[in-house]
Amino acid sequence: MSKILQKLKKTDFQTIFPFLGLIAVLIFFEVSTGGRLFTGKNLKAVLNDGLYIIIGATGYAFMFAMGILDFSIGANMAVSCAAACLAAKINPLLAIPAAILTGMILSGVLGLIHVKAHVDAFITTLAGQFIFNGLVLIVLNNSIQQAPLSMLKWFTLPLKLVILAGGLAVGYMAFEHCVYGKTCKLIGSCEEAARQTGINVGRYKMCGFLTMGAIAGLLGFISLIRTGTASSQTGSTLMMNVLNAALLGGLPMSGGPTTKFRGVIIGSLTMAFLTSGMTIMGYNVNTQQLVKGLIFLIAISISFDRKNMKVIK
Amino acid sequence: MGEQGLLLKTEEMYKSFGITKALKGVGIELRRGQILGLIGENGSGKSTLTSIVAAIQPADSGKMYLEGQPYEPSDTMEANEKGICMILQEKGTFDALTVAKNIFVGKENLFCKKGILDNRAMNRAAQEALDAVGADYIRASMPLGALNFEDRKLVEVARAMYMKPKILIVDETTTALSRNGRDILYEIMKKMKKEGKSVIFISHDIDELMEICDTLTILRDGVYIDTLEKEKFDAGMIRKLMVGREVAENYYRSDCESSKNKEVVLSMDHVSARELKDITFELHKGEILGFGGLADCGMHILGSVAFGNIEPDLGRVLAGDGSIIASPRDAMGRKIAYISKNRDQESLMVASSIRDNICCASYNKLSQGPFLWPKAQDAFVDRWAGELEIKMQGLYQYVMELSGGNKQKVALAKWLGFGADIFILDCPTRGIDIGVKSNIYALMEELRSQGKSIILISEELPEVIGMSDRTIILKDGRISGEFKREDGLTETLLIDYMV
C-alpha cells in the first residue's frame, strides 16, 4: 500500500488529471443517460464528433507547442466549406483541393501577418475570426448552400477511420519523434534561445499556420460531405471544442516541452464523449456551448501554471 | 558568543524547490556591528537563506529570532519595517518609472495628500537618499531606464538604505559594480558597522570578502560548514571548505606565449552596430582572443554581432572563407557557437530538459530523415554530459533546476556536441563557483590546443589576462588598445585603456 502511495506521489498531477477527467465524463454520462452512452448508435455519433475534434486538435497541438493560440480555425473551416461547396457545383472532385487550399491561404495570410509584421498571434487570429465570419456570409450570399447530393455518399465509415487513424499516426510521429515536433516545443520553451540555436522560428511558425489551415480546410470538406450543406454556422463549435480538448488533455497554455501528444488524444476523447453525452441528454447546442465555456474556465484555472511561467519569463 | 550582542539567529532552516533541497538545516548567527560574509559555491544555499531572512520567500521549516524575539515575517514590507533590507543579485527595479518612484515603490503613501501624489516631495526625498549613499550624480527625477546597470544597482542601494535597516543584506551586487560603485557600497557597510548595525554580504570574490568581513560563514550544498573569524581568514582554507577538497590556487593558463598561427577564421570589417563603432579585428585559428572593457563598452554586443544574431548597421562579419555571417544559421554553418551573457534567456531553454538542450543544435546529425529517435539522443547526451561531468539527476531533468555552473556546462555541452570550431563565450564564468570555473578554463585550454578558436568576452580583467593570446580593450564602443600575451599585461595597465 505504501508503495502505491509513494508511486502516486511521484506521478505528476498534470499527467493523471486528463485521465481522471476522461473517466469522470464517461462515468457521469453513462450513469445519467441510463447506460446509453456506449450503444452502437451513440458510438457512431461520438466518432463523428470526435473526428473533427481529434483532427483539429492534432493540428492545434503544433501551434500550442509553439505557444500560439489560433482563434480563427472555426471560421476558417466555414469559409473553406463554403469554397468547397461552390467548387463542388462545378465538379464534386474539385471540392477537396478547393477546401484545403482555401484553408491554407486564409491561415497563411494570418501567419504572414504574425511572423512578418510581428502582430501578436492572439490578436491576429482573433481579427481573422471576425474577418472570416464576414467572408463566409459574402461567399454564401447570406444563405445556406447545397452541395450535390451524390457527395453525401462519400462520408463512409472506412473514410472516417482512415482519416482518423492516418491523422493520429502522422500527428503522433511528427509531434513526438520528428525534428519538426521537437523544434516546435523548443520554440515554445524559449523563442530567443531557439533562434540562437539556428532555428528559423518564422519558418516553423508559418509551417504551423499552413498545416492548421490545411486541416481546417479538410474539416470544412468533411463537414460538407457529412451535412451536404455549407452555412455560416459550419465549424462554429470547433474552436471551443479543440481548445477545450487541448486544455483537458493537460497541454500547457504557454507551450513548450511538456506538451504531450497523448494529451491531445485524451482531451479530444473527453470532449467527444462530453458532446454526445449532452446530446443524448437532450441539451441543445446553445446549452452545450454554455457548459463548454464553463469547462474551459475551470480547465484553464487548473492547468495554467502561473508559478512556472514566472520562472520562465 | 554572548546572547547580548546577538541580532539575528536562524535555526534548522529547511527549504526545497521540487526535488532540489536548497537548505538542509542551516543555522547562522549575526551580531550587532558585524559584517558577516556568506560564501559557498553556486547552489550552496546562500541566496536562498538570505532571501528567507528578507521574507522574499518562506522557509519550509526552521526558526528565526530577531533580537531574541521569534521573527516570522509574512512579506518584504514587514521585514523592511523590522529593519531588514536586501539588495538582490538580479535586477529588482522598474525601468519605466523614475528613480524616485523606484526608491519609494510601495511606499507612495508617504507622499500622498488626499490621494494625490506629491511628486516634488518624493523627488526631494529620493535625492536625499541618493546623496546619503554617495550617488549624488544620479538625479531622482530621471527615468531609471536611462541609467546604466551599475547606477541602477546604486538606486537599489539607496532604496534599501532609506529604510535605515538594522540588517542590510547584499547579494552578489558587487559583481555588477565598478571600483567606484564597490567603494560606495564598502563605505556604507563600514558606516553601518560603526553605528552598531549589521551586514550580511554574499560574494564569490574571496579577496573582497576577506577584506570587508569580520566573520565568514561557509555553506556547501545547503549545509552549514563552518564559521571563521577574521584572524583565521585564509584563502586556500576557505576555498577548500567551500568545495570540500583542495583547489589549485592558480587556474589560468601558465604559459606566456601567444599563438603564432595567422590563419584567419573569423573577422569583423569596420562593423558598427548599436553602441559599437567601427570595429575591425581578426580571429586566428587556435587562439583565445579576449575582449575586455567596462560593462557598457559594447563588448557584449560584439559577441552577439559576431554570431550573426544582431545585424550590423555598417560593415560586415566574415567567416574564414570570406562568406558573410548575417544570422545564427549562417554562423552555425561555419561551425561558430555562441553563449550569451544572458545565458538563461538566450542560450538555454531553461524550461526544457537537459537532453533537449544538449541535442537541439545537433538535430541534423541525430535525425534519420525527418525522424528523431530517443536512442540517438540519449547516447549523445550521455556522451557530452559525461564529458563535461554535469551534475544531474537524469537526462530529463529541467535545466532550470540546475545550479549556474551546471547550466553553463549544459550550454557548453550543446556546442561541443555540435562540433563547433569557433566559440564565442560571453562571460562564461559569470556567477559561477570556482570548481566549475577552473573546469571551464581547462576546457578552453584544451579546445585551444585542438586548434579551435575562442572569443572570450569578460568583465573580469584577471580572467581575460589569464586566458587570452591577444587582448582587445573596448571603450565607448571603439577599440582602444590591443595587446599580446607576452606583453606582460597587468590590470592597472589595461584599466587606463578602459576608462
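Here, residue 1 is simply the first one shown, and the rest follow in order.
A Cβ is built for glycine as well, from the same backbone N, Cα and C atoms used for every other residue.
In TrEMBL, the transmembrane segment annotation falls on A:263-283 of the listed ranges A:242-262, A:263-283.
Beyond its flanks by at least six residues, the transmembrane segment (A:51-73) meets 106-107, 110, 114, 121-122, 125-126, 128-129, 132, 160, 163-164, 167-168, 171, 174-175, 180-181, 184-185, 187-188, 191, 204-205, 207-209, 211-212, 214-216, 218-219, 222-223, 235, 238-239, 241-243, 245-246, 249, 251, 253-256, 259, 261, 264-265, 267-269, 271-272, 275 of its own chain at Cβ-Cβ distances under 8 Å. Listed as Cβ neighbours of the transmembrane segment (A:263-283) (distance under 8 Å, sequence separation of 6 or more from its ends, same chain) are residues 18-19, 21-22, 25-26, 28-29, 32-33, 36-37, 42, 45-47, 49-50, 53-54, 57-58, 60-61, 168, 171, 175, 241, 244-251, 291-292, 295. Beyond the ends of the transmembrane segment (A:12-31), by six or more residues, the same chain brings 37-38, 248-250, 258, 263, 266-267, 269-270, 273-274, 277-278, 280-281, 302-303 to within a C-beta distance below 8 angstroms of the stretch. In this chain, the transmembrane segment (A:93-115) lies in contact with the transmembrane segment (A:208-225); the count of Cβ pairs under 8 Å, excluding pairs fewer than 6 apart in sequence, is at least 3.
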